[in-house]
Amino acid sequence: MRLLFRSCIPGGKKYVALIMNDANDKKLGNPGDKKSDNNAAADEKISQESRLIRPQTLKVAKASPEPDTLSNFSTCSTDLDENEIRRQLLADKWRQLFDKYDSEGFGEIPWDDFIEVLKTPDFIQAITPNKRDILLDRALERKTTAITFQDFVNIMSGKRSRSFKCAIHSRDGEVTSENDFHILYKEPPLFQKMVHLIAEEFLTEGRDRKYYADHYTCCPPPVFILFITILELGFFTYYTISTGDLSPLGTVPIDSVFIYRPDKRSEVWRFLFYMVLHAGWLHLIFNLLVQLLVGLPLEMVHGSLRIGVVYMAGVLAGSLGTSVIDSDVFLVGASGGVYALLAAHLANVLLNYNQMEFGIVRLLAIFVVASADVGFAVYNRYAGELVGAGPPVSYVAHLTGALAGLTIGLLVLKNFEQKLREQLMWWIALGVYAACTIFAVIYNVTSPSYTYAT
C-alpha cells in the first residue's frame with residue numbers, strides 16, 4: 001500500500017510520505033495495474049531501501065509539486081524561513097544588551113532588577129517606548145520570578161503576537177505574511193495620546209504611569225482650573241471695558257471691593273478674592289498660561305479637590321505673606337496660586353529628576369520662566385513707585401505662594417508609594433505651613449491698621 005500525504009513546510013515545498021510494511025516489500029499497487037518497465041524498476045528500488053528501516057517507519061522523500069487543483073491550503077507566510085533568520089540576528093543583537101545586566105550569567109534577570117534596568121540609558125536608547133511599556137507591563141504581572149533571555153527576545157521580535165494576529169487575519173485576506181503586520185497597527189486616538197503624554201510628564205513611577213494611562217477616563221472632568229480661568233478672564237474683561245485701559249501693564253483697580261489693601265485688612269474676603277484682579281493683560285496672560293499648561297494636567301492626575309486646596313493655599317499665603325513682609329502695598333493677581341502649582345510640580349521634578357527623561361532640562365526651564373516673572377514683578381514694584389505710576393503692587397505673593405506649593409503640595413498631592421523619608425518630609429511640610437500661617441494671622445490681628453493716603 002502506498003499512502004501520499006501533503007504538507008507545507010518553510011519554502012512551500014511539497015513532500016510525499018511512504019509507509020512500508022515488510023509484508024508488502026515486493027510489489028505495491030493494484031494487481032490489475034499495468035506498469036512500464038521503468039516504473040517497475042523504481043518500485044523495486046524503493047522496496048530495497050525500505051528493508052533498511054524497521055516496519056511502520058515513516059520515510060519522507062521529495063516529490064514534484066502537486067497541481068494547484070489538489071490543494072486549497074494557504075500558508076500565512078511563504079518566507080517564514082527568512083523571518084526566522086532575521087529573528088536569530090536580532091537575538092544576537094539583544095544578547096549583548098541582556099548579558100550586560102545579567103550579572104549572574106544564568107540567562108535571566110529578576111523582575112525587580114529588570115524594572116530598574118528599563119530606566120538605564122542603554123535600554124532607553126536601544127528599545128522603543130512601546131516595547132518598554134510592554135516589558136514593564138510584563139514585569140508588573142509577575143507571573144514568574146524573572147525574565148529569561150528567550151522571553152526578552154520573543155517580546156522584542158514580536159514573535160508571538162505577530163504570529164497570532166497573522167493567523168487570525170490570514171483567512172480574511174487582510175494580511176498574507178508577517179511582513180504585512182504593520183497593516184494591523186492602529187493609531188491611538190488623540191485623547192489617549194494626550195493622557196499618555198501627561199502621565200510621562202507629571203508621574204515619575206512607571207507603574208503609576210501605566211495605571212493612569214490605562215484607567216483615566218476624564219470622569220469627573222477637571223473643572224476647578226477651567227472655572228478659575230474663566231472667572232479671572234471675566235473680571236479682567238469687565239474692568240478693562242470699564243476703564244478703557246488696554247495697555248500691557250494696565251491700571252490697578254484700587255477701588256474694587258476685591259483688591260487687597262493694607263488699610264482694609266479687616267475685610268477678610270480680600271485675602272482670597274484679590275486673585276480675580278490683574279494689573280494688565282500681560283500679567284493675566286502669564287497666569288492663565290501657567291494655570292492651563294501646569295495646573296490642568298496636575299488636576300487631571302490628582303483631582304480637582306487636591307489641586308483646589310494647593311491653589312487656594314497659595315493665594316492665601318500670598319496675601320498673608322505680603323501683609324507681613326511688604327505691608328504697605330496693594331495686591332492683585334493669581335500669582336500666589338499659580339506659583340503654588342508651579343512649585344508643587346517643581347518639587348516633583350526636583351525629587352525625581354534622575355528618573356525622568358530630560359529632568360535637568362525641565363528644572364532649568366521652570367527656573368528660567370519663574371525667575372523672569374519674579375524679576376519683572378520686582379521691577380514693577382520699585383520702578384512704578386519711583387515714576388509715580390500709582391500704588392505699588394507686591395511681588396512677595398510669588399515667593400510665599402511658591403512656599404505654599406512646596407509644603408501643601410507634599411501634604412495633599414497623591415503619594416503612590418510613601419516611604420519613611422517621605423513621611424518625615426510630610427510632617428515637616430505640615431509644621432512649616434501651619435507655623436507660617438498662624439504667625440501671619442496673629443500679626444494681622446494684633447498690628448495697627450495701615451492708612452493709605454489716596
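Cβ coordinates are placed from backbone N, Cα and C, and glycine is handled just like the others.
The region 'Disordered' annotation in TrEMBL covers 26-48. Residues or ranges marked as transmembrane segment in TrEMBL: 223-241, 271-296, 308-325, 331-351, 363-383, 395-413, 425-445. Look at TrEMBL and you will find 266-414 tagged as domain 'Peptidase S54 rhomboid'.
The recorded stretches the transmembrane segment (271-296) and the transmembrane segment (425-445) do not share 3+ CB pairs below 8 A when only pairs 6 or more apart in sequence are counted, and are therefore not in contact. Note: the stretches the transmembrane segment (395-413) and the transmembrane segment (308-325) are in contact (3+ CB pairs below 8 A, sequence gap of 6 or more). A mean pLDDT of 80 is what the model gives for the domain 'Peptidase S54 rhomboid' (266-414). Helix first, then strand, then coil: DSSP counts for the domain 'Peptidase S54 rhomboid' (266-414) stand at 118 helix, 3 strand, 28 coil.
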